[in-house]
Structure formats: structure tokens, C-alpha cells
Amino acid sequence: MADVSTSMRLKLPVVCFILEIILIILFGALVQYDYETDAKEWHNQSHNDYENDFYFRYPSFQDVHVMIFIGFGFLMTFLQKYGFGSVGFNFLIAAFSLQWATLMQGFFHGMHGGKIHVGVESMINADFCTGSVLISFGAVLGKTSPIQLLTMAMFEVTLFAVNEFILLSLLGTRDAGGSMTIHTFGAYFGLMVTRILYRPHLDKSKHRNSSVYHSDLFAMIGTIYLWMFWPSFNSAITAHGDDQHRTALNTYYSLAACTLATYGMSAVTSHDGKLDMVHIQNAALAGGVAVGTAGEMMLTPFGSMIVGFLAGIISVLGFKFLSPILESKLKIQDTCGVHNLHGMPGVLGAIVGAVTAALATMDVYGKGMEDVFPAVADGSIDASKQGGVQALSLAITLGIALLGGLIVVFGTPPDTLCFEDGVYWEVPESEAPHEAQLTTVRTEETEKLSS
């Protein structure tokens, strides 16, 4: 089935082996356990084993890890003939990205004695970075080769770490749930990549750029996993105690309100007042994205529900009206609609975070101001300036993401072969008659395009 241009017999093994060998060498030279992981360092100090950060952070890490490998992977299985590619390539680029992210984040966020120290929190942060890459993957789903995806991941992880360093370390931005650093960055990076990869003849594969009953059901599995674990995602690296508790609670109510808004808007905007599974699979998650920045702040359950409600409405409207405009006018072919699930809700979350930060007072936060806004607590800046920093961070994130998406890519499958597993995967024998039929169609379409 695969022709010369899509064969991976040589290219993929070479790229995978070279990348992994380089990673192993770099890990050997630069990475070591942190003091809570190292046997000698841990036992040189006087403390109870249950004080180890592992017992506080690992439950959240488990949830985040499930979101990365099952949630994101299955959410993208809605394409009728691209289930292997959705879950399989998600697995591939996530495995690479979390290793590369460990190095890049460790390098930019400070090395100790010339070494990158790793522990459970660095694992969570690497998964966060990987999540941003998978968001971008959603924008180009079905239109890229594994080599392209690994190339994109390498560039994006590096730029993610740069953006994260500028925001969190230099500016003191608060973004625990990643509305800006993860969702906005990943969405607009992916949108720029898919714009650069614009395919004028992609309509030749439009009959495969759709779902069937069982593929939508599989995608809904991803949605449910993401929905259930999103409170852990947003609260995973916040300060222990009230901060983590508050973040999970705010996310919980934002998601619930978003879901009702999604169902309502889907019925209003869809044909004959019926629900559109695309809306339910995606827009119901927008509340988790939109509350990511302000989740650890004193947003209140009431405020969280408003944010989630607005996010659901915006997301559904984006799927219904904005996505067709982006494709027809701006030539942005966003396969999974990441602009509607991650892009616009991420921007909304950044704005909500900026406003909430600007309104922060000691009367509301008390001594808790030290955890949420340490620069405000120590008098370095006032709350209004913190709000300005949050707004500036959104602009910086958008700039780096859009410019970073201008990367050189190669090895793309032909327009007639997009959204199809058979290009890169061995499919079960039961699919053989269908594949044989598609081979004839491909030949005819290729001849038409060449003429």
C-alpha cells in the first residue's frame, strides 16, 4: 500500500534510533535523581518516609499520565479510518516528548551542579509539556507522517520550555493549570503548522475526514477520561493544602457548568435540534481549559461556573461557525478543532486569570497570598501589575507559538491518502477489501491531480 514517499522502512527506524541514542547519552551526562529520589541524599536527612513528595504528587501524576496517553489518544479516534494513527502516533510522540521535555525544562529552569535533578514533579511537568505537543498533533491529525510529528515535537518542546521559562521564571506569571503555557501555546503552534502544511487538494480525502458510529464512541471514551481527571491536571503542581484543594474544586464546577452549556448550545446550533457528538466530545472539556490559569486563585465556585459556562458556549460556536471560516478564508485545516477546545478557551482562561489577579487583595487571600501571588505578598509589585504581567504573558505566548509554528517539515502523505491508517500501519485482514478498493480510487485521484 505504501509507496516510496510514505515508506518508513528506513526513515523511521533511523530517526527513532538516533533520537533515543542521543537522549540516552544526554541523560547519562546531565540527569540525576533529586534529593527525594536519591537513596543517599534522602537518608542523610531526618524525616518520615511519608513526607516524601512522591506520596503527595504521584496520585496527580497518575491522573495526568492517563490523560496524556488514554485521554488525548482516544479523543482523536473519531476519524473513521485513522484510529491506529490517532492512538499509535499519540503514543510515539508522547514517549519522545516527555524525555526531551525533561531535558529542556531542566535546562531552562535551573541546573544544580551542572546536573538536571528529576523527581515526581519533573515527571508531571514533562507530561504537561507533552500535552501541549499532543494538542498541536490534533490540529494536523491525519495529514502528517511520523517523521514530521517527531520533528514538530522536538521544536515545540524546546519552544515550550523557552516560553515557560520566560513566563514562570522571569515574569512571575501564575498559570498552574496551563491555560496559556499548555493550551494556548499548543493550539496556536499547531494552527500555524497546519497553515504551513496547507493542502489545496485535501478535499480528495474528505470522505475519510469524518466519523462513524463506533469511532465517535471510542472518542467519547477519551472525553470521559479527560473530563474526570482534569481537576488533577490543573491542581497537580499547585502548592499543597488549600491551593491544590481550591484548584481541583474550581475545575470541578467549571467542567460541570461547561457541560450543560455545551449540550444546550449543541441543540440550538445543530440540524433539527439534535445533539452533535463533535460538540459533546470537545466543547464539554473547554471549562477545564478556561479555568487553568485562575484555578488556584480565589475565583469562587460561582466564578468558576461562569467561566465554564462561557467556555462551553464559545467552544460550540467555534466548531459551528468559526472553523469553516478558518479553513475557507485563512486556509487553516484544523482536523480536531483544537482552536475551539484549547485555543479560544485558553485565551479566555488567560483573560480571566489576569482580571482575577488584578483584583486580588489581602482581605481575600490573607497569608495565602504568599502561595498564590508571592510577588504581591512581598511587595515587589501590586495586584494590578500582576494582572498586567498575566496579560503580557498571553501576548508573549501567542507570539512564540505562532512564530514557532513556522518550521520546515517533510515526508507528507499525498492529499489523496490523508486520514487513512493503511498508509503507515498494517491493517487487519478484514479491512483488505476496503483497502483494495481505496487503492484503485487513489490511483485515479493521483492521475487526475497530475494531469
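Cβ atoms are placed via backbone N, Cα and C, with glycine included.
Residues annotated as topological domain 'Cytoplasmic' in Swiss-Prot: 1-11 (among others).
Per Swiss-Prot, transmembrane segment is recorded for 12-32 (among others), and the stated evidence type is sequence analysis. Counting only same-chain residues 6+ beyond the ends of the transmembrane segment (12-32), those with a CB under 8 A from a CB of the stretch are 38, 96, 99-100, 102-103, 106-107, 111, 114-118, 146-147, 150, 154.
What Swiss-Prot records for 33-63 (among others) is topological domain 'Extracellular', and it gives sequence analysis as the kind of evidence. For the topological domain 'Extracellular' (33-63), the residues of the chain that approach it from at least six positions outside its boundaries are 117-124, 127, 229, 232-233, 235-237, 240, judged by C-beta separation under 8 angstroms.
The N-linked glycosylation site feature in Swiss-Prot is assigned to N44; the stated evidence is sequence analysis. Neighbour count (other Cβ atoms within 10 Å of the Cβ, all protein chains): 9 for N44 (N-linked glycosylation site).
Per Swiss-Prot, transmembrane segment is recorded for 64-84 (among others), and the stated evidence type is sequence analysis.
Tertiary proximity for the transmembrane segment (88-108) is limited to same-chain residues at least six positions away from its ends with a CB under 8 Å from its CB atoms, namely 19, 23, 26-27, 30-31, 68-69, 72-73, 76, 116-118, 122-123, 125-127, 129-130, 133-134, 137, 146, 149-150, 152-154, 157-158, 160-162, 164-165, 169, 425. Annotation comment: Swiss-Prot describes 88-108 (among others) as transmembrane segment, evidence class sequence analysis.
Residues 30-37, 53-54, 57-58, 61, 102-103, 161, 164-165, 169, 237 of the same chain, all 6+ positions outside the topological domain 'Extracellular' (109-121), place their C-beta atoms under 8 angstroms from a C-beta of that stretch. Look at Swiss-Prot and you will find 109-121 (among others) tagged as topological domain 'Extracellular', backed by sequence analysis.
Per Swiss-Prot, transmembrane segment is recorded for 122-142 (among others). Counting residues 6+ beyond its ends, the transmembrane segment (122-142) has Cβ neighbours under 8 Å at 34, 57, 60-61, 64-65, 67-68, 72, 75-76, 79, 82, 85-86, 89-90, 93-94, 97-99, 101-102, 104-106, 148-149, 152-153, 156-157, 160-161, 164, 178, 181-183, 185-187, 189-191, 193-194, 197, 205, 208-209, 233, 236-237, 334-339, 342, 418-420 in the same chain.
Here the topological domain 'Cytoplasmic' (143-151) returns a mean pLDDT of 90 for the predicted model. Here Swiss-Prot flags 143-151 (among others) as topological domain 'Cytoplasmic'.
Within its own chain, the transmembrane segment (152-172) has Cβ neighbours under 8 Å at 19, 93, 96-97, 100-101, 104-105, 107-109, 129-130, 132-133, 136-137, 140, 144, 180-181, 185-186, 189, 193, 374-375, 381, 386, 389, 392-393, 396-397, 400-401, 404, 407, 409, counting only residues six or more beyond its boundaries. Residues or ranges marked as transmembrane segment by Swiss-Prot on the basis of sequence analysis: 152-172 (among others).
According to Swiss-Prot, the topological domain 'Extracellular' annotation covers 173-176 (among others), on the basis of sequence analysis. Through the fold, the topological domain 'Extracellular' (173-176) approaches residues 167, 234-235, 237-238, 247, 292-293, 295-297, 350, 353, 357, 372-373, 386, 389-390, 393 of its own chain, all at least 6 residues removed from its boundaries and within a Cβ separation under 8 Å.
For 177-197 (among others), the entry in Swiss-Prot reads transmembrane segment, with the evidence type sequence analysis.
Here Swiss-Prot flags 198-216 (among others) as topological domain 'Cytoplasmic', drawing on sequence analysis.
Tertiary proximity for the transmembrane segment (217-237) is limited to same-chain residues at least six positions away from its ends with a CB under 8 Å from its CB atoms, namely 57, 59-61, 63-64, 66-67, 70-78, 83, 121, 124-125, 128, 131, 176-178, 211, 243-245, 247-252, 255, 259, 277, 280-282, 284-285, 288, 291-292, 295-296. Annotation comment: Swiss-Prot describes 217-237 (among others) as transmembrane segment, evidence class sequence analysis.
Swiss-Prot lists 238-247 (among others) with the feature topological domain 'Extracellular'.
Residues annotated as transmembrane segment in Swiss-Prot: 248-270 (among others).
With a cut-off of 8 Å between Cβ atoms, the residues of this chain six or more beyond the transmembrane segment (248-270) that come close are 177, 227, 230-235, 276, 279-280, 283-288, 290-292, 294-296, 299, 301, 303-313, 315-317, 320. According to DSSP, N44 (N-linked glycosylation site) sits in a coil region rather than a helix or strand. Below 8 A, the CB atoms of the transmembrane segment (391-411) and the transmembrane segment (177-197) form 3+ pairs separated by six or more positions in the chain. The transmembrane segment (299-319) and the transmembrane segment (177-197) are not in contact, since fewer than 3 Cβ pairs between them lie under 8 Å (pairs 6 or more apart in sequence). Sequence-distant neighbours of the topological domain 'Extracellular' (362-390) (same chain, 6+ residues past either end, Cβ-Cβ under 8 Å): 171-174, 239, 241-243, 293, 296-298, 350, 353-355.
Within the topological domain 'Cytoplasmic' (143-151), the DSSP-based counts of helix, strand and coil residues read 6 helix, 0 strand, 3 coil.
Per DSSP, the topological domain 'Cytoplasmic' (271-274) is made up of 3 helix, 0 strand, 1 coil.
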